[in-house]
Amino acid sequence: MDSWRFVYEDYQPDQEGLREALCTLGNGYFATRGAAPDSAADGVHYPGTYLAGGYNRLKTKIAGREVENEDLVNLPNWLPLTFRIDDGEWFRIDQVEILSCRQELDLKSGLLHRDLRFRDGQGRTTRWRERRLVSMADPHLAGLAVELRAEDWSGRLTVRSALDGSVTNSGVERYRDLANQHLETLELDHPDPDTMFLRVRTNQSLIQVAQAARTRLYRDGTELDAQRRHQADRDRISQEITMPLSAGEGVVVEKILALYCSLDQAISEPGLAARHALSAAGRFDDLLTAHALVWKHLWEDGDIRLEEQTRGESGLKLRVHIFHLLQTVSFHTADRDVGVPARGWHGEAYRGHIFWDELFIFPFLTLRMPVLTRALLRYRYRRLPEARRAAQEAGYAGAMYPWQSGSTGREETQRLHLNPHSGRWLPDNSQRQHHINAAIAYNIWSYCQATDDHEFLYYYGAEMLLEIARFWASIATHNEALDRYEIKGVMGPDEYHTAYPDRDPEAEGGLDNNAYTNIMAAWVLSRALDVLEMLPKFHGHMLCERIGLRPEEVELWHEISRKIRVPFHDGGIISQFEGYGDLKEFDWTGYKKKYGDIQRLDRILEAEEDTPNRYKVSKQADVLMLFYLFSADELKLLFEQLGYPFAYDTIPRNVDYYLARTSHGSTLSQIAHSWVLARSDRAGSWDLFQRALDSDIADIQGGTTPEGIHVGAMAGTIDLVQRCYLGIEMRANILHFDPSLPADLGCLKVRLRYRRQILAVEADHDLLKISSCAFTANLVTVAYRGRFHQVAPGDSCQFRLLKPGERDRDENRARQGKTVLP
Ligand code: BGC
């Protein structure tokens with residue numbers, strides 16, 4: 001494989017689901033899994049097409065309760081394309097003898113190739129060379145071009161092309177007992193001899209989706225005048241195109257799709273728009289030219305160039321990650337009311353919902369295409385009224401954003417989930433993860449730091465941040481005895497702990513004083529106070545008046561941000577939550593021996609009628625998230641503000657402690673852990689980074705990727721290389737760098753956007769070079785370990801990087817002075 005081509009050299013039915021997810025093509029408006037065009041959902045294949053933000057709600061009676069889930073709807077399958085010879089069987093990849101098979105995702109131009117040679121039951125050999133795209137140039141267009149060649153037979157070739165609206169949501173085994181019929185067909189038509197038209201509507205959210213597809217046959221560039229037969233049944237429309245083919249001859253079949261929906265802008269109605277767009281669309285190669293050009297430009301903004309010392313494939317894997325991130329969120333997303341889903345628009349896992357994973361996704365976008373972060377933050381802004389309502393209903397002030405968000409911003413976390421190990425439906429308490437609110441505030445703050453986008457802050461960001469601060473102030477209660485503020489009954493990022501061992505997780509669930517939540521709440525309150533200072537006086541005044549913010553509230557924020565409680569145990573270990581230190585140690589060796597893969601210890605223990613609530617076990621980074629989000633300097637200030645000691649060894653001690661007690665049950669876990677090890681254990685960090693790179697590519701969770709990629713882990717790896725290994729930190733209007741490349745990485749080149757400048761940054765083990773590509777007249781300040789440089793547009797500067805011995809001396813000096821470095 002070169003570092004632009006992601007290739008499979010064979011066909012393996014048991015890997016098909018995974019490959020479909022990884023070969024999904026999308027453009028931020030819609031996405032189609034890389035399923036074979038001749039396939040249907042049958043346990044091996046799962047063709048799926050999803051619209052960004054295309055949700056629908058359905059109710060199901062399960063385990064004695066009625067639950068309502070909002071799902072990302074599987075739209076009509078536009079791929080169906082197959083053929084037969086004379087009156088033989090229709091071609092299905094699973095029913096022929098495969099002579100060769102090569103599937104290649106060309107990342108540079110966003111093209112999927114599937115090249116097959118096969119022999120059918122009657123010994124006839126055929127070659128199928130397919131190219132596929134979902135246009136990045138025009139988000140409503142997609143296309144298939146298949147060259148069919150009769151190698152050693154002559155006969156009547158019939159090609160069948162269809163649009164299939166009979167699909168359901170059945171891509172996730174665990175959800176199969178839940179209602180899954182989201183579509184009703186409204187219209188099937190053949191408006192032209194070569195065109196099929198299908199209009200469906202989601203049955204609750206009433207989103208209309210129209211697909212128009214044109215199928216034509218060509219030889220030597222000339223369209224063939226073939227005989228056509230049209231068919232339509234309840235939910236499916238098809239056409240059969242027949243022509244003679246002789247041995248050695250080939251024919252090219254092109255299927256071009258136009259897809260519109262009733263949520264689209266600048267249209268009259270989706271059906272008209274789809275037919276109109278199709279009639280204006282050129283041939284496949286015309287679509288490809290425009291599409292490849294947009295991808296070329298996207299890579300100019302988005303690529304990362306690595307020189308690996310060993311012959312690794314990190315460069316290719318990172319590009320696969322960038323590719324899928326940009327297919328999930330693109331410029332076509334920017335104008336739409338959608339968030340960034342944890343599992344991409346690549347499958348049905350987590351129902352297309354939006355979680356705190358934005359925290360791992362935004363940093364890369366913000367430093368490359370800030371307009372996308374801005375658009376995604378506006379998704380949150382539009383749901384501020386719903387977050388306010390949620391806070392009010394729960395008895396709090398301000399805005400309480402949901403753990404899982406979909407169409408309206410109400411809490412979409414499922415009420416019940418299935419443990420596939422035990423077969424039991426269990427209450428899902430994860431909506432107690434109010435820390436999502438801190439993540440949203442953190443994202444707003446970081447976006448503003450990186451872009452200096454005052455307009456966003458004035459009109460959207462400040463209001464959200466202040467309302468979130470209000471929520472934290474109202475959920476915190478004062479402990480008179482300690483004169484500290486506490487937050488009770490919540491869950492931290494570690495989803496294994498839902499309640500204290502002796503309590504019912506549903507009725508009296510949650511934990512007290514989750515350190516991550518409390519410290520983040522203090523940070524949010526401090527930033528809210530900063531924001532009030534930063535706003536122009538008249539604007540701040542208007543905002544406070546509009547949201548009715550009273551001076552005594554602001555005073556309380558100040559007080560809580562200095563007095564929130566952080567629990568500790570074992571002399572300096574930050575307790576994940578109050579009482580964590582009293583839990584039992586877990587038998588890691590015994591369980592690894594017994595079960596092998598223990599990433600999902602929650603499911604294993606529940607099936608044994610036990611619970612992780614009793615043990616010191618974490619699914620993913622919780623306390624350690626603090627070291628992921630903040631530099632040592634920043635954390636030290638936060639701890640000092642709260643009146644807690646922050647010793648030099650606080651970070652390494654806590655890292656060692658929690659790393660030994662984490663099962664990495666979430667793909668986000670490797671990212672956070674690799675990050676926190678980057679300075680102290682570069683080899684360990686690189687190992688975890690490699691594992692994170694493989695999260696989806698090797699499906700390390702054993703079966704989750706076919707249900708959708710993990711966008712947080714994908715974006716997290718890119719951000720790790722960029723921000724963590726370059727040591728980027730945006731603080732006090734300065735862009736700090738502190739590169740520390742792992743031994744395996746020789747050199748790293750990126751192009752960043754920072755405060756209206758474009759900076760080309762290159763680092764190896766000796767030198768950091770920063771050059772500004774002329775853009776605007778803004779000066780920006782960059783720094784390397786206390787050495788500052790003002791960069792004007794067109795300027796460049798370089799810093800000689802300290803050798804390890806020099807770094808130690810530098811750090812000792814810093815330790816004796818005011819700052820502490822990790
Ligand atoms: C993780 C969460 C994450 C969610 C979606 C869960 O398994 O525990 O932290 O937000 O997946 O990616």
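Every residue number used here counts from 1 along the chain in the order it is shown.
Quick reminder: no glycine exception, Cβ is built from N, Cα and C everywhere.
Per TrEMBL, the feature domain 'Glycoside hydrolase family 65 N-terminal' maps to 8-262.
Annotation comment: TrEMBL describes 319-718 as domain 'Glycoside hydrolase family 65 central catalytic'.
Residues annotated as substrate binding site in TrEMBL: TRP356, ASP357, LYS619, GLN620. In the shown protein chains, 22 other C-beta atoms lie within 10 A of the C-beta of LYS619 (substrate binding site).
The number of other CB atoms found within 10 A of the CB of GLU495 (active site, proton donor), across every protein chain shown, is 21. In this structure, GLU495 (active site, proton donor) belongs to neither helix nor strand by DSSP; it is coil. The active site, proton donor annotation in TrEMBL covers GLU495.
The domain 'Glycoside hydrolase family 65 C-terminal' feature in TrEMBL is assigned to 729-774.
Regional average pLDDT for the domain 'Glycoside hydrolase family 65 N-terminal' (8-262) in the model is 97. All protein chains considered, the CB of ASP357 (substrate binding site) has 26 other CB atoms within 10 Å. Maximum C-alpha to C-alpha distance over the listed substrate-binding residues TRP356, ASP357, LYS619, GLN620 is 15 Å. Highlighted in sequence order, PHE355, PRO493, GLU495, SER666, LEU668, SER669, GLY712 have their Cβ within 8 Å of the centre of the Cβ atoms of TRP356, ASP357, LYS619, GLN620, the residues recorded for substrate, and are not part of that set. Of all Cβ atoms in the protein chains displayed, 24 besides its own lie within 10 Å of the Cβ of GLN620 (substrate binding site). Across the domain 'Glycoside hydrolase family 65 C-terminal' (729-774), DSSP classifies residues as 0 helix, 31 strand, 15 coil. Taking a C-beta cut-off of under 8 Å and a sequence gap of six or more, TRP356 (substrate binding site) has these contacts in its own chain: TRP403, GLN433, HIS435, ILE436, ALA439, PRO493.
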